[in-house]
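Input: a single structure, listed below in structure tokens.
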Amino acid sequence: MGQIREYVGVAGGVSCPVSVTVRQTDVCVSPHFLALAVDAVLTGSLRAVGVIASQGQAKDADPGSRKTVDVDASSFPCLLLPSTMPTRFRRTGRLLVSHETLMSVFKRDHALKVKEEDGRFDLSSGPHQERVRATFTHGYDSYMRHAFPLDELRPLSCDGFNTWGSNSLTLIDALDTLVVMGNYSEFRRVAKLVLENTNFDKDLNVSVFETNIRVVGGLISAHLLSKKAGLDLEPGWPCEGPFLRMAVDVAKRLLPAFNTSTGMPYGTVNLRRGVPQGETTVTCTAGVGTFIVEFSSLSRLTGDPRYEQVAVRALRALWATRSKVDLVGNHLDVETGKWTATDASIGAGVDSYFEYLAKGAFILREPWLREQLEVYRAAINKYMRRNDWFLSVRMQTGEATMPYYQSLESFWPGTLSLLGYIEDARRSLYNYHQVWKQLGFIPEFYDISRTQPQDKRESYPLRPEFIESVMYLYQATKDPHFLQIGVDVLTSIEYSARTECGYATVKNVGTHLLENRMESFFLAETTKYLYLLFDVDNFVHNPFATYDAHNVTTRDGRTRECILDAGGYIFNTEAHLVDVALLDCCRPEYLAFDIQALSVKNLETPEYHRDGTQRADFISEKRQRILDTFTEISESRNDSTVDELALECPEMPASVGASRGGGENIAPGSATSPAEDRALYKDEPDDFDWFSCAALPTISQFALRGHIVDSVD
């Protein structure tokens, strides 16, 4: 009989065991080969040489086969099976496929490298890496030829249109993808176009959330990757630079949105006038909690603490609104803190809030962010999780409301893998992959109980979240099955979404009809994650592969050597890269982290400082005292304690120019000058006390359940 192996999770998730028997084995067959063989048979991607009925009677079998793979699916306990599998074999039946047939098809379709001496194989990533590069290039060239300088491409009519104010959004979103794929010359060429032709001083209403993740995030990433791409640098880089100044200009225009009684931002601002008159006070959860990556990066690069201040304040206020069962809803009023939509999920309207708690913890090295996420994760598993799907529930009780899987939920396995929950991530991803194999794409909403797309939510706008999680899981496990999933995704996009002028939104995953739009995130995220899945040697995956040092003059006037890539990379929710090590290059020397403390893999890394531990101990003690006091307030809700806490941090230096509790807007033009910055951060007790207390991170307002109390500006 040869060797018998039991495979769990290869086809259909962990609830779908498949028994595999290798007959007449005269060479060693890799378990990975068998895994892909099973997957190929069950998805109908191979034509069986022979079929054995469920009773075991052979029909047209090939008795002379040197080696066969016998897949017994007669008792297959899966919720879903791919629609491409012949109907009579979806629930019963056995398929007999010759080894030679499998090998020939895999060689042709999946670029397998086979080592004949031992029968093992490797899924070659090289050809697929180049296929992804070609996919990106076709979409990018089509945008530049037919749509630039407008925001987005219409790939069916071969023209462009504006969606975000005519700021060449797709190009800004694609800048760092050019660097990731090694096209440095094109990056340098179009960087000049962006810097010379983009102006954000417009009487234009924009989404605070989208402008932050796409524009601010894209500009920060372009700034941090400028040296790698060979762009001419200013003497003060990475603390100075044109892309950084442009990012600051945009972020300043978003700051008025945060001037609310809770600290949670409005959803819309006018780039010139601030919050529009009559603007709704209701916004989504993700629109409150998705700023810490970009805004903390800006504060650390520029020395202006306001950005990190408002992002942390919003996070703390949002945390305070959670229900008694530790769930959050979908929309809330940013002035009152009351929920207006109480469906809790990990999907649309909420998703990136959870993502940024994880990534904010990595960037800030702040355990409280991770601790909050762990509380949410426990509640999500308790109330939402059903057979490794996640349902929408009522935030107050945890009672299920909608049995839908949302495409945007596909980010969750990637976030779980960052946190170390690999098997949980794997099981959910396999569920999601079954939907992809059934339909060719993942619709915006999928009805789990009826195993079909939700009516009027059948589209696939080339979203990245699924392939994002695939990339993270492959990096975590090196399991070649995830490479095969990537091939599935790439093949579907090329086969069904490619047009003469780019790639189009799939309007209906059932019919594969197309819609005349290519969203900017296709070039910013989908193609980037696909490329990074197959390019295992990319600099993003290998931060210590080269020693790239850069001398920088910090804002306290000292010269220090900074090491690029030393802390690894964090992606914002638009897949824009943040070089974590560079964020600390521009901070005062006494707040600099030792190079060994820069790894994003360990949230508990202590803060070492180059001039000794005494000052670091002082910072830690002061911050811990603040957090301990906050805990006491949360438990006792004693306003007198809040008054005492308000005295913990010194008065904020006037040069910071932030709003000070009087209801005034944070003026877009109130930035400090470089000279004021240097004065602010000089090593004097008052300024040091304030900075260590308020800006690492600042706690501008403590949000308590039921009310907001002013404490530290």
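Backbone N, Cα and C atoms are what each Cβ position is placed from, and that goes for glycine too.
Those TrEMBL annotations? Automatic predictions, nothing curated.
Feature list (source: TrEMBL):
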| type | residues | note |
| --- | --- | --- |
| ACT_SITE | Glu210 | active site, proton donor |
| ACT_SITE | Asp351 | active site |
| ACT_SITE | Glu444 | active site, proton donor |
| ACT_SITE | Glu465 | active site |
| BINDING | Thr573 | Ca(2+) binding site |
| REGION | 656-675 | region 'Disordered' |
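It is 9 Å from the Cα atom of Glu465 (active site) to that of Thr573 (Ca(2+) binding site). Within 10 Å of the C-beta of Glu465 (active site) we count 26 further C-beta atoms, all protein chains included. Cβ neighbour count within 10 Å across all protein chains ranks Glu444 highest among the active-site residues Glu210, Glu444. Recorded residues Glu210 (active site, proton donor) and Thr573 (Ca(2+) binding site) have their alpha carbons 10 Å apart, per Cα-Cα distance. For Asp351 (active site), the count of additional Cβ atoms within 10 Å of its Cβ stands at 24 [all protein chains shown]. Recorded residues Glu444 (active site, proton donor) and Asp351 (active site) have their alpha carbons 14 Å apart, per Cα-Cα distance. In sequence order, Ile213, Gly217, Thr290, Val293, Asp351, Ser352, Glu355, Tyr356, Phe411 are the residues of the chain that are 6 or more apart from Thr573 (Ca(2+) binding site) and have a CB within less than 8 Å of its CB.
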